[in-house]
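Q: What follows is a structure written as structure tokens; I'll ask about it next.
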């Protein structure tokens, strides 16, 4: 174990409070998808990570896929994905993910993946090609082309790599900041706070709907969360999810506080006042939770803003 992991392991796994509980709500869409995934041997993050929201998301025909392998070239102190030397790039993976999306007949697919600093392009082609494959393979879908949310690492904010990813035109470009500036380097040593904000700014400048996530309970203060929300909005972030940190193992960062449901409600209201188009805030919210609904909120907000702008322009010309 790393020295940091040894220190983390000295703190036992924390007992979860009463409100960190879920109840299975298995509707017909969920049951159908579950049988399909099992019979076809498909793999989703929803199942493999034991996501508490799988029942709701699958009922909406939404699912999340992990690309790039199961070894990440960076280590974040909250993340359950192993750090190590990844396997060679699987260039057929985008096609297979696209086939899985078609088989599951998804309305909305979230694609996330590991950092691939071992590759010359940082894995930019892999992320972009997965979006292209999903869009192409679902182009003739009766219910409409599957929408794609692409949750990316920072690609070191390299312009060429970001341009490759943006060119695939995912419906939503997500990059998760995860925590506040004061503890950012300790929690995410392979990333930089300002660089992450820059990725969001560049995505918004490219015309993409932008999204990020904050995880609470790793040592931040309430005031710092509000500050981070303002930083994200100023950087061009339109959608935000806010969640409680749940420790994957004793090797990971201890839970420093359990945020009560009332504080999540307050943070949702604060984020909306700041100006985010869509906010999901709660102990068991995950960054892909109700992703399709958040995307729709962003589009509604954009249309509303465009309508107001058009009205003002017409009024000015008439004057």
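Please read every residue number as a count from 1 along the shown chain.
Cβ coordinates are placed from backbone N, Cα and C, and glycine is handled just like the others.
Reproduced below are the annotations present in TrEMBL:
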BINDING   46, 51, 57, 288  [4Fe-4S] cluster 1 binding site
DOMAIN    58-277  domain 'Radical SAM core'
BINDING   72, 76, 79  [4Fe-4S] cluster 2 binding site
REGION    300-319  region 'Disordered'
COMPBIAS  305-319  compositional bias 'Low complexity'
Q: Out of 51, 72, 76, 79, which of the binding-site residues is least crowded by other Cβ atoms within 10 Å?
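A: It is 79 that, of the binding-site residues 51, 72, 76, 79, has the fewest other Cβ atoms within 10 Å.
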Q: For [4Fe-4S] cluster 2, what surrounds 72, 76, 79 with a Cβ no more than 8 Å from their Cβ centroid?
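A: Counting only non-site residues, the set is 74, 75, 78, 80, 81, 83, 114, 115.
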Q: Sequence gap of 6 or more, C-beta under 8 Å: which same-chain residues meet both conditions with respect to residue 288 ([4Fe-4S] cluster 1 binding site)?
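A: In sequence order, the residues whose Cβ lies under 8 Å from that of residue 288 ([4Fe-4S] cluster 1 binding site) (at least 6 apart) are 57, 62, 64, 110, 112, 149, 151.
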Q: Give me the non-local Cβ neighbours of residue 46 ([4Fe-4S] cluster 1 binding site): same chain, 6+ apart in sequence, Cβ-Cβ under 8 Å, ordered along the sequence.
A: 53, 54, 57, 58, 63, 64
Q: What three-state secondary structure does DSSP assign to residue 46 ([4Fe-4S] cluster 1 binding site)?
A: helix
Q: Validating a neighbour-count step here. Other CB atoms within 10 A of the CB of residue 57 ([4Fe-4S] cluster 1 binding site): how many?
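A: The answer is 26 other Cβ atoms.
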Q: Determine which residues of the same chain, besides 46, 51, 57, 288, have their CB within 8 A of the center of the CB atoms at the recorded [4Fe-4S] cluster 1 site, and list them by sequence.
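A: Going along the sequence, the neighbours appear as 44, 45, 49, 53, 54, 58, 62, 63, 64, 110, 286, 289.
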Q: What's the CA-CA gap between residue 79 ([4Fe-4S] cluster 2 binding site) and residue 51 ([4Fe-4S] cluster 1 binding site) in angstrom, rounded?
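A: Residue 79 ([4Fe-4S] cluster 2 binding site) and residue 51 ([4Fe-4S] cluster 1 binding site) have their Cα atoms 14 Å apart.
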